[in-house]
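I grabbed these lines from TrEMBL:
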BINDING   B:HIS76, B:ASP87, B:HIS182  Zn(2+) 1 binding site
BINDING   B:ASP87, B:GLU122, B:HIS365  Zn(2+) 2 binding site
BINDING   B:ARG204, B:ASN262, B:ARG275  allantoate binding site
Protein chains: 2
Amino acid sequence: MTAAFARLWAEIAPIGRDRKGGYLRYALTDPELTLRDWFRNQADRRDMTVTDDGNGNLFAWWGAQWGRGTVLTGSHFDSVPHGGGYDGPLGIVSAFLAVDRLREQGFTPGRPIGVAAFVDEEGGRFGLPCLGSRLLSGVIDPGKAAALCDRDGVTFGEALGSRPAGALPSLSARVSAVVELHIEQGRVLDVPVGVASAIWPHGRWRLDFTGHGDHAGTTRMADRHDPMLTFASTVLAANEEAWLAGAHATIARVTVEPNATNAIPSLVRGWLDARAADTPTMERLVEAVVKRAVERAGQDGTQVVVEPESVSPEVAFDTSLAARLSALLGDAPILPTGAGHDAGVLSAHVPTAMLFVRNPTGVSHSPAEYASDEDCTAGVEALATVLRELT
Amino acid sequence: MTAAFARLWAEIAPIGRDRKGGYLRYALTDPELTLRDWFRNQADRRDMTVTDDGNGNLFAWWGAQWGRGTVLTGSHFDSVPHGGGYDGPLGIVSAFLAVDRLREQGFTPGRPIGVAAFVDEEGGRFGLPCLGSRLLSGVIDPGKAAALCDRDGVTFGEALGSRPAGALPSLSARVSAVVELHIEQGRVLDVPVGVASAIWPHGRWRLDFTGHGDHAGTTRMADRHDPMLTFASTVLAANEEAWLAGAHATIARVTVEPNATNAIPSLVRGWLDARAADTPTMERLVEAVVKRAVERAGQDGTQVVVEPESVSPEVAFDTSLAARLSALLGDAPILPTGAGHDAGVLSAHVPTAMLFVRNPTGVSHSPAEYASDEDCTAGVEALATVLRELT
């Protein structure tokens, strides 16, 4: 069993890997397209038909496509820049192996099973996380999604080759359950497999700090309107406010114009990632950070404009489904997560559950992200058990 | 006279201009190569031979190439990213117009005049300011210069098409004086033309802040080693220490790995630009900033490594030459500057002077950089007067 996982995992491990072991698998770029080819090939090997929902999401079918009672599983191929290899692909590889396991057991599902590969779950290319599942479930307008730009100015519509199709008609009538398997992204899980209870509310806000571009060598300190100072102060404020709130806040991405050593910037753009156990706490946290940014801008003679890019309320997964799966898996622990997932988006429309595979260091979004072959194999076994139960 | 300036200026104004009026004229990229073609064409129109010193610097000659007593003038074409159009090109355009002015006056110089276009004065492409004049005067090893990389990994040697030739033999024996005309970069000059007394000591230091890449959503605040915090704290420390020292310090350039909204960075790289009226003050300033960076790194669980990229001591221009030119120009004011220049590098080898043209707002390294056609024309007249005197 462990060998089966290791063998399939080794097929995709080199795709999009950088020399430090991190991954560049942006949605619809070469490495991710290679993974999609691999997906079609895996489906083919298993006599599973592949369909495309017109939104960039792929589905491999065991049973009738979108037939009544469909159970969806799978995850996403795309990575954060230089991220780990497990976040996403583990759910897809495990889904194919769970299908193998059920067939070895001579099981024939009474409901269709669809293995999904969702597009741009990280938002690493087009800026909006869970783009594919948002389109499928109709929570984003296809025209708005088509216009989202990557860092090179390529739109999602251009990358996709067409305007996205948008919501699948009667999604909630067709699908009876969604189960996404994912590597855990914290240090909470101390057995191989757990079940998700909830996703913290979370969001990303873009902060544009503008000032006056000028010569760094000749401009007197008193004459400056340097937006880098306001940015820096806000980075520290976000950290402090998160500690005070018992929540998470991070400014990890920044772009600077002109970004030259000897030129005071005219624009510094930062992105705030904020998450908390409940929505009011997250909202108070963001308000506090913005208040401090605006205060500091007054001192620096700069301006701040805040634009929410995506804000997701708390997701409580289907409680009875989680309890049922936990019992099925020998009282597997039930735990919340701070990370967003396609399953979180879909849970508003369909009974949804997540399985987590143990991550011994808790590190994620980094080349150090890791799960053992043994734990991954336990994940496959758990997913097979769950699919057997639900179909 | 004003019309002559405006006409020649209009020829180069569109080259490399972005839609906000700033310039992208990195050394040896298309716009700068176009300006070099324009330079050859201007020389041709004036029957001036163009030579290349094998370092990427061009020279248009009135008189014998590198003949005894040569007087060099000119400046550079390259800009900081999205910088102004005057910083550099004004010195070259003015040099050609000064030649015209002397010829209109029927003047024949007794010594050769060389109009220079130096390569990568800003260090905007290869990271080391005054690269061309450093090579010409032998203060940088050609092999080291050849290996300098731009942001895309192209080396200076590759961009140049060969290993740089290095120092011109007997530069100080051949050249009797250097006069660089430049737009002023502060608000000090309140008449059209002034003469430089000195360049503040200045330098740039690269600061690598390293931590642990991790998931921004799931990593507890207490488990983080976030180098963005150390960077932000150092940005503010540099500003505070510069105020305290009566000097200038700026962190205006930053790169982040992986620079993703939902991933705590593993590396934040910032560049410190520091300048002061004297070298001990600058050194104390940098020491104070680094000390505070290291202290904060201890608190954040991160590391800081500091690498000086270029440090230039104070340049005092030839005092008697400055006094002579000031008198010649009707007691033009004599003023220092915080900005580095090729003239500063060459002043260690040859009697060197600079003429400044008034900048009404003092803004530089920004699209708002500006000098009036009248003041620029006064600059041409002053340069012609100086060249007549020195040749």
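Each residue, glycine too, has its Cβ placed from N, Cα and C.
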By a 10 A CB contact count over all chains shown, which of the binding-site residues listed here is most packed: B:HIS76, B:ARG204, B:ARG275?
B:HIS76
For the binding-site residues B:HIS76, B:HIS182, B:ASN262, return the ones with C-beta distance to chain A below 8 angstroms, or 'none'.
B:ASN262
Just to verify: the residue among B:HIS182, B:HIS365 with the fewest other Cβ atoms within 10 Å, which of the binding-site residues is it?
B:HIS182
Cα of B:ASP87 (Zn(2+) 1 binding site) to Cα of B:HIS365 (Zn(2+) 2 binding site): how many Å, rounded?
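Spelling it out, the Cα of B:ASP87 (Zn(2+) 1 binding site) and the Cα of B:HIS365 (Zn(2+) 2 binding site) are 8 Å apart.
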What's the number of neighbouring CB atoms sitting within 10 A of the CB on B:ASP87 (Zn(2+) 1 binding site)?
27
Using C-alpha atoms only, work out the spacing between B:ASN262 (allantoate binding site) and B:HIS76 (Zn(2+) 1 binding site) and round it to an integer in Å.
42
What three-state secondary structure does DSSP assign to B:ARG204 (allantoate binding site)?
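For B:ARG204 (allantoate binding site) - judged by DSSP and reduced to three states - the answer is strand.
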Want to know which binding-site residues, from B:HIS76, B:HIS182, B:ARG204, B:ARG275, are within 10 Å of B:GLU122 (Zn(2+) 2 binding site) at Cα; which are they?
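Those close enough are B:HIS76.
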Within 10 Å of the Cβ of B:GLU122 (Zn(2+) 2 binding site), how many other Cβ atoms can you find? Include all protein chains, please.
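Its Cβ has 26 other Cβ atoms within 10 Å.
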Near the Zn(2+) 1 site, what residues other than B:HIS76, B:ASP87, B:HIS182 in the same chain have a C-beta no further than 8 Å from the centroid of the listed C-beta atoms?
B:SER75, B:TYR86, B:GLY88, B:PRO89, B:LEU90, B:GLY91, B:GLU121, B:GLU180, B:ILE183, B:HIS341
Measuring CA to CA, name the entry from the binding-site residues B:HIS76, B:HIS182, B:HIS365 that ends up nearest B:ARG275 (allantoate binding site).
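Ranked by Cα distance from B:ARG275 (allantoate binding site), first place goes to B:HIS365.
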Compute all pairwise C-alpha distances among B:ARG204, B:ASN262, B:ARG275, the residues listed as binding allantoate, and give the largest one in whole angstrom.
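Per the listed residues, the maximum Cα distance equals 36 Å.
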Measuring Cα to Cα, how far is B:HIS365 (Zn(2+) 2 binding site) from B:HIS182 (Zn(2+) 1 binding site) in Å?
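Between the alpha carbons of B:HIS365 (Zn(2+) 2 binding site) and B:HIS182 (Zn(2+) 1 binding site) there are 13 Å.
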